Structures are given as structure tokens and as C-alpha cells.
Amino acid sequence: MTYAYLFKYIIIGDTGVGKSCLLLQFTDKRFQPVHDLTIGVEFGARMVNIDGKQIKLQIWDTAGQESFRSITRSYYRGAAGALLVYDITRRETFNHLTSWLEDARQHSSSNMVIMLIGNKSDLESRRDVKREEGEAFAREHGLIFMETSAKTACNVEEAFINTAKEIYRKIQQGLFDVHNEANGIKIGPQQSISTSVGPSASQRNSRDIGSNSGCC
């Protein structure tokens, strides 16, 4: 299937926060309760519709172990979007967000869109990180924020698509050089219009990116 743009994503965060499960739920609409640890990187892709345009999302799921951090860093380059994931039942995964964020911003484009995800919202009774803490971290660092459940699929679709909406908004504003694939964006065969157009009504509508969305 042809597409207007290809956006490259990277999923980052500690081991066991559910990165691979989020990818599987988004691409295959299924949950795998037992998942082998990611070694290096895994890959998935899916087409979505943003503002009437077909967008191909190319998603790289990275290993969370410290021993693979150098490999992960190489994938930041050329990523238009990042999903930074923590587990709401494990505070240490939230405490490590600053380190992951520093890595991401040091090795990526300054315009990369970062979505902060508090995963495993289905385990409310075991919650160790308040939603308000995630919201505050996102505000402080200029991130989009959502809580998700890879198990129930709650907000999984929205997290990936809202990240794409924000990337597309930046394209419309001229913040991304879409002719430089190092920015994680590739022009597809569908896309022939100039990317230097100003904000449109549809673009302005896309700014409602759901940072306050509830879960289930």
C-alpha cells in the first residue's frame, strides 16, 4: 500500500515495562502475557490515517537492559518519534525516566516527538506511581503523556496515533526537513505537495492530542 509519509518510531524504557507488548497490541491487536526479553531491537510496522493521509509507522522496539544501551542509542538517530515507557507498578522504572530522556535528546533530532507512557494501567491495585506524577514529569519536560494497558488495549492506539499527529503537525509547521531522512521521516509516493504550507484548519484540530485521556 502506498503512503504519503513514513515515520520512524523508537520505543524506549526499562526492561519489563511492556514495550514489546505495546508494539504487538498496536500492530497485531493481541496481547502475549509471556514475552521473551528483547535482545537488541525488534521491528513492527502499521499504516494509519492522519488528516486524510496514509502514514506508515515503522516502529523499533529496543532492549531495556543496560548492556544494550549503546545499541539503543544508535537507533535514536533517524527517529521522528519516541515512546518512553514506564511501568506504573514499579517506581524504579519511573525513576529511570530522566536517564532515558537525556539519552534520547542527546542522540536524536531536537524536533523528535516524545510520548511518555505509563503502562499497565489495568493493574490499578498495584499502582506505585500516581497518574499525577506522570503528568507532572511530562509537563516539566515538554512531553505528551498517556497511561495505557497493553493487556486491555486501553489507549494503545491513541498513544501511537497521537504521536503521529504531533509529528505531522510539525511537518505542517515546517519544523521537520522531510527531505532529510535523518529526521526519521520519508516522503512516500502519495505525497507530492509542498511541505512549506502554513497551518491549516485540519492541522489546528490535530493539536488536541489527548494528553488528558482517561483509560478504560
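Backbone N, Cα and C define each Cβ position, glycine as well.
Copied from Swiss-Prot, the annotated features are:
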BINDING   Gly16, Val17, Gly18, Lys19, Ser20, Cys21, Asn119, Asp122, Ala150, Lys151  GDP binding site
BINDING   Gly16, Val17, Gly18, Lys19, Ser20, Cys21, Thr38, Gly64, Asn119, Lys120, Asp122, Ala150, Lys151  GTP binding site
MOTIF     63-72  motif 'Switch 2'
MOD_RES   Ser202  phosphoserine
LIPID     Cys215  S-geranylgeranyl cysteine
LIPID     Cys216  S-geranylgeranyl cysteine
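Across the motif 'Switch 2' (63-72), the model assigns an average pLDDT of 54.
Counting Cβ atoms from all protein chains shown, Gly18 (GDP binding site) has 25 others lying within 10 Å of its own Cβ. Binding residues for GDP (Gly16, Val17, Gly18, Lys19, Ser20, Cys21, Asn119, Asp122, Ala150, Lys151) extend across at most 17 Å, taking the greatest CA-CA distance. A gap of 12 Å separates the Cα atoms of Ser20 (GDP binding site) and Lys151 (GTP binding site). Take the binding-site residues Ser20, Asn119: by the count of other Cβ atoms within 10 Å of each Cβ, the lowest one is Ser20. Taking all protein chains in view, 29 other C-beta atoms sit within 10 angstroms of the C-beta of Ala150 (GDP binding site). Its own atom aside, the Cβ of Lys151 (GTP binding site) has 18 Cβ atoms within 10 angstroms in the protein chains shown. When other Cβ atoms within 10 Å of the Cβ of Asp122 (GTP binding site) are tallied across all protein chains shown, the result is 17. Between the alpha carbons (Cα) of Asp122 (GTP binding site) and Ala150 (GDP binding site) lies a span of roughly 9 Å. Asn119 (GDP binding site) carries a strand DSSP state (E or B).
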